[in-house]
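According to TrEMBL, the protein carries these features:
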type: COMPBIAS; residues: 1-15; note: compositional bias 'Basic and acidic residues'
type: REGION; residues: 1-22; note: region 'Disordered'
type: DOMAIN; residues: 6-386; note: domain 'Peptidase S8/S53'
type: DOMAIN; residues: 495-594; note: domain 'Subtilisin-like protease fibronectin type-III'
Amino acid sequence: ETRDFRSPRDVDGHGTHTAGTVGGRRVANASAIGGFAKGIATGGAPNVRLAIYKVCWPVPDQSLAEGNACATDDILAAFDDAIADGVHVLSISLGSLPQSTYYTENAIAIGSLHAVKKNIVVACSAGNDGPTPSTVGNVAPWVITVGASSIDRVFSSPILLGNGMIVEGQTVTPIRRRRLHPLVYAGDVEIRGTTASNTSGTCLPGTLSRHLVRGKVVLCLNNVRAASMEVKRAGGVAAILGNPFNEIQVTPFLDPTTVVFSYSLATILTYIRTEKNPMATLVPGNTLIGTKPAPVMASFTSKGPNVVDPNILKPDITAPGFNILAAWSEASSPLKMPEDRRVVKYNMQSGTSMSCPHVSGVIALLKSIHPDWSSAAVRSALMTTCNSVLLCFSSKIEFLDNYLFFLQNFSQTFVKFTLAAATINNVVGRPIKNATGNDANPFEYGSGHFRPSRAVDPGLVYDATYTDYLLYLCSQNISLDSSFSCPEKVPTASNLNYPSLAIANMRGSIRTVTRVVTNVGKDNSTYVLGVRSPPGYVVDIVPKSLHFSKLGEKHSFNITIIRAKSSVERRNEFSFGWYTWSDGVHVVRSPIAVSSP
């Protein structure tokens with residue numbers, strides 16, 4: 001009780017940030033500390049009613065920055081309360097790496113199944129354990145699993161070197177303009193014996209020599225807050241931190257600090273090595289809107305394949321979760337560390353915890369427009385709609401007044417791009433990249449970066465019921481409802497009526513699965529098939545067209561995956577493709593992932 005309130009009041013900041021992203025009211029002149037990202041802040045659904053269930057609590061003798069504890073019984077109790085209270089949407093920005101007992105012991109998996117039984121839509125974070133494969137969490141097929149990607153905004157803070165060269169850097173740390181100071185590399189100013197060959201230059205706590213650092217700018221190899229604090233402890237005037245990825249996750253450091261890309265770090269290190277008296281100063285940062293390309297997958301976003309059942313493709317979708325400004329608890333501090341005594345109303349955070357409530361806010365709006373839609377229909381609408389960047393750019397932003405969407409986090413250009421459902425392309429029309437600069441794939445973004453406005457009118461949806469999920473659990477030899485008995489012939493996991501298709505370890509040369517789509521678009525419509533087969537396979541879908549005479553009408557089709565005779569794909573590696581249904585107005589797109597043993 002000395003660390004927290006026995007109520008939903010927030011001493012951490014995380015809950016305030018996620019709740020504000022879902023339903024915060026519009027606030028003018030909101031900004032991070034130092035005035036970064038200044039503008040109008042708004043949640044996704046500003047008029048939504050919020051019910052907050054606190055399930056995570058501080059750990060004794062541990063700072064908030066080191067994490068907290070979210071007990072299984074607290075999580076299940078929150079699901080019970082939320083279901084009893086009659087909520088429509090559950091936004092769950094927590095999770096863990098799934099284990100083999102996921103479906104029988106994971107509180108979110110079990111609780112969300114009970115919620116979906118009551119037609120509550122559940123959105124969950126994918127996790128922050130990327131870029132390692134097979135780390136995606138919250139993989140139950142009855143929840144919407146959300147990855148994290150960037151937006152079109154950076155916080156530029158260049159470094160001016162003594163030779164006049166300007167090197168790109170980024171920060172949201174307030175910096176006053178200073179004169180040039182001596183510049184040193186951390187590996188050259190360490191206390192002897194405090195580092196090994198693989199840790200030298202990383203500014204680990206207690207490694208820098210006060211005698212060699214005092215009054216200098218220090219170049220460190222890694223981008224962690226402890227490195228900035230170590231430079232300060234040793235008497236340095238500023239820190240330059242290296243970042244190995246092609247996006248920089250900013251932090252409001254306590255002391256003058258900026259972060260550079262690896263190529264810029266190499267440039268600065270070369271300057272130090274070749275200049276007799278290297279000097280540098282940090283230039284105060286500013287906010288830049290409209291940067292390209294965007295979005296880019298965040299380095300930390302957890303990736304597939306789904307370790308519990310790779311026949312369910314996860315994550316489902318990606319949304320903004322990188323350097324997101326939202327409300328913050330004044331009982332906390334920007335860094336959530338005892339050394340940080342600053343108080344702010346808004347703070348910058350990154351994580352799939354931030355991307356999940358973006359989707360949850362949109363779900364609340366969709367449920368208000370389509371209250372009769374099932375949880376599966378809502379997920380399908382978000383995942384499958386619109387795969388053409390040009391088509392999406394031409395759409396007008398007329399979806400609701402509420403879709404003056406996250407103006408603090410998006411420039412007007414990016415809002416125009418954002419409001420049109422899931423896409424696999426960035427704002428320049430090229431494939432979305434991951435944090436290492438390679439083309440991302442469905443194990444990173446699922447169906448793509450979400451763009452909500454076309455989800456209101458998706459044309460077709462892949463629906464599923466509570467019974468369908470129980471049948472799916474039968475395929476896993478699991479029973480979570482004693483009133484339901486598994487049939488003698490159990491459908492395979494890949495036959496769950498899901499908006500994406502994954503077939504793992506396909507034995508033999510051919511596999512056929514079935515999907516059913518429901519018409520929610522217009523009467524008397526005909527949808528025509530489009531397919532891009534995964535390399536090494538041929539996808540044959542029958543029939544090639546679907547005609548609907550009325551709303552609510554359902555049609556099934558068979559998807560046959562054939563391993564090509566000339567296939568040279570590597571064993572156990574997934575190959576990706578997609579298929580679409582289009583009536584000339586709607587484009588209903590589904591990703592495909594296939595692997596063979």
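Positions of Cβ are set from backbone N, Cα and C atoms, glycine also.
TrEMBL labels come from automatic prediction, so no person has curated them.
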Overall pLDDT of the domain 'Subtilisin-like protease fibronectin type-III' (495-594), taken as the mean
93
Quick one: DSSP breakdown of the region 'Disordered' (1-22) into helix, strand and coil?
9 helix, 0 strand, 13 coil
Could you count the residues of the domain 'Subtilisin-like protease fibronectin type-III' (495-594) that DSSP puts in helix, in strand and in coil?
1 helix, 57 strand, 42 coil
